[in-house]
Structure formats: C-alpha cells, structure tokens
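These notes concern the structure reproduced below.
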C-alpha cells in the first residue's frame, strides 16, 4: 500500500511539471474552480530585494499552505529592480532562476500558482515611455516559463493606479497578452482594471477575444476598518453592502462571460479582532458563493503599526487558527440572511423640463454644511464673506492617501430630474482642482448610492460655473458598496451634494449662490419643442420628431428638437416633448 501511495505522489509531482502541450490546457472557468481559496506570498518578491520586507521564501511554506487546505498560491513579483533600465531590458538570470525555484516548490505541491508584475509603478508613472520595457520583461517571463504546466497562471499587472489611464490599461493588456500567446498559447492569464483593481473599474475593462482569460479585482472595504482600525464590522447593513458589491461583480462577470478571481483581500492586525475574523469569514464565503476564486493577502508581518497583515507566521510555521478557519470554512462566525431581492426601479417617464433657475443655497441662514476628512487630511468649513453677502469658506489640507470633503446636510434626498444644470459662484486661494460630487440615494439605510463627479478648476477670483448634469461622470476611485450599478446618473434620487478632494494639495475655497438651472425662460412656448418652426408646439412637432428618429435625413430644427439641451436628439427628447404636450 505504501509503495502504491508513493507511486501516486511521484506521478502527481511529475505531472505538475509537464508542459501544457503534454498535460493539456484547462479553460478559464475550470481554472477558477480549481483555484478555490488560496493565499498570497506577499512582501517577498514584491519587495525591492527578497528578504528586505519579510522573511525570504522557504520551501516549507508550501508544505504548510497545503496542509492548511489552500488550493492556490499567488506570488507577487517586482521585476524592475532586477531588470536593465535600458534596452535590451534583460532580466537578471539569477533572479529568474530564483523565481523558477519557488514556482517549482509551489507546483510540486499541486498548487495553482499565480505570478504577476507587482509594485512596478514605473510603468504607471509614464506609460508611453515605459511600455516597451514592460513588454520585454513579459517576453522573457513568458519564454522562461512556457514549459510549465497549466497550473502556472500569469497576471499581467497588479493594481494599476496613478497616471495610467483606462485606455492605457486596456492597451497594455492587449499588448502583453499578444506577447504571452506567442509562447504560451493556452495558458490562463489574469487581467484587471484601474484604480487599484477596483471592482468599480471593471466596467472600463476591455476584454480581448481570448478563451483563457480571468478577470481580477481586490477588496479591502470598508477601508476605514480594514486599514485604519476604525470601529467594528459585522452588522446586517455591513454584510448587505459587501453582498451588493459581489452581486454587482457577478452580474458583470456573467454579462461578459469571464470568470473572476478576487486576488487580494485582508484586514490589518490592529483592527477589532472579532470583527476581523467575521469579515474574513463573510468575504471568503461571498467570493466562493458567487463562483469566484479568492486569495487572502498575507505579508508575513506581525506587530507593525503600518504593515501588520499576516495570518501565517513564517518563523514558527503556525497559522492564526481563527483567521484560517474563517477563510476556509463557511459561515462559522456570523448569522446573515440575504436581503430580499428587490425589483429594479421601473422605467420612468422623463420629467417635464423646468425653466429658469432655482436658488437652493445662498448661505444666509443657519449653517447646514459639515466637513469630514481622514488619513492625515483635514477640512473645515464656516460661513464667511461670499460673492453676495454670506458664503461658505472651506479650508482643506490634503494628503497622499487621505480624503476630505464638505457635505450639504439640508438638501438631501432631492429630485432634480427636471433641471438641466447646477450652477455656483466659486473662488479659490489657488488653481488646485477639486471635485463636485453628487451621491445618489441608496436602498440601504445610512449608505450612499452611486457617486457622480465633475472636476472643477477654480479661479482665484469669483467665477460663476455652470455644469450640465450630463457632464458628470461616475466616480472611479471609489464607489459605495450600496451603489445600484445602473451606470446611469439618476437625478430623481439625489442623496447629497459635496465639494471634495481631487488630489493631495491644500488651499481655501469660497462658495456662494448654488442654483439649479433649467431651460431658458425665453424659450417657454417659443422655440424648444417647435420642431417644424411654425411658432407652435403641437402634435405636428411630435409626429415630425418621431419621423426624424426613424430617418435622420428628414429636415427639422435640431436646436428646437434638443429638448433636454444635451447636444443629442434621441428618445429622451421625444419623451420630454410628449410630456410638454401633455402638460405634465
């Protein structure tokens, strides 16, 4: 019996090293199932040098990982410190040898093994200048490991952020995938979107036509709990918020027919202990129940105020049993009933356009605004001199990872659908960019819905700024877990209005006379809607606009037909004209 067992083990080890052409490829859906729950070997090869951030890799780690019950290991790797800065951008052979040794340790234990490019921020800092070097690095990685089994998975780039744009990320994914496919035609490759692999950015991810792709996102929300040790976690609303995010990702995955890998998630060691265990348990369960694979982040660091995020002690070879159990077992620390499925909001008839303007805030009454900030950023607000009488003065000091903002607590839960624009007077101590943010209402009490923003470049003298609501874009650096995922700015459910940070700079802002702007009053009954220019707005205009939408060669007055003044003539204008004629 012992001989048979030894033979089986030997065969499995040999098969893990067989090249893909011999062993056979595995499609991405099956690969994600095979990956199951895994862990990261963090702070090892993603450090400037191995051992500078955490203990160097040891073969026994993989024995311990396997005994614990993990199915895959993600090995983050920083390549730039081991690559020539100039052409031909050769990767140090000794470093490649070391990486191959560790990959083989992992593969020989039967792990699906993920390697990536990690902390290579030089590419993000100047994409157009550095993409050539990045291509050469991946060409060497792909060539070196082309003979490994299908259990080796490539991940192109960890957490794109900073200067790199969505279009550049999509271009990079296509370029690197083409390079990989020259030597690894069927190997599974993981691609991700921007803003630190945010789930919010998945909608911006262009998916190449390739059957062996896996999409990734990372999850550390709520950040104030997982990284800043603030408060506790584990209420019904806390869990519902995470479930909404994973539902959102699952819908995106199904729509785009691509499986999903939650490549990182974790909580710093100084967070509330009971909450941390419960958070690991719930997030792991949500990932698996949605059909994702997931890899918990572990960096081997214990006791550090800034970097403690580990559950495996590399010296004692002991796991934090509570965290390990929470990650690998289902629902042992929490009770949760999924929220009742709610139907999406029914189709709405567009509101009848408003005319003129409505002043909503002149700062002449009691103070209704409040400041908020965190992570070394600060903000305060007070009533001060405005453009006309009183105004709001905002003093802020940003930080590289911090946030600040001021929120209007009076005008919450508003319906602004009939308005076209928002207007305000603004003056700044400098020309630093700030953002105007409108948060939608949410179906979860106490939570925001989707965030929509517009970047303001204020002057140092009083200026009136008018912003069409159609110019707002979905916030990409963060979205509340309770967002509805509609990708539509729903003005009929405005939750709150904010002025907030756009970068880490500091300064002072003065705000006055916030207004909602409708159609020009001189156009009432005159031009807007008079599609045939006969001086009347009637059923003839309605019929003519309908014909135009079916055949754009028909002659109409396009200025008058653009009912909502967004520059396009479409079904929204048709619906708004109908409401005008009905007098609603």
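Including glycine, each Cβ sits where the backbone N, Cα and C put it.
Per Swiss-Prot, the features are:
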type	residues	note
SIGNAL	1-24	signal peptide
REGION	25-328	region 'Catalytic'
ACT_SITE	159	active site, proton donor
ACT_SITE	264	active site, nucleophile
DOMAIN	354-584	domain 'CBM11'
DOMAIN	524-584	domain 'Dockerin'
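Counting only same-chain residues six or more apart in sequence, the Cβ atoms lying under 8 angstroms from the Cβ of residue 159 (active site, proton donor) belong to 192, 196, 197, 218.
All protein chains considered, the CB of residue 264 (active site, nucleophile) has 24 other CB atoms within 10 Å. In the three-state DSSP assignment, the secondary structure recorded for the residue listed as 'active site, nucleophile' is strand. When the domain 'Dockerin' (524-584) is classified with DSSP, helix, strand and coil residues number 28 helix, 0 strand, 33 coil. The average pLDDT the prediction assigns to the region 'Catalytic' (25-328) is 96.
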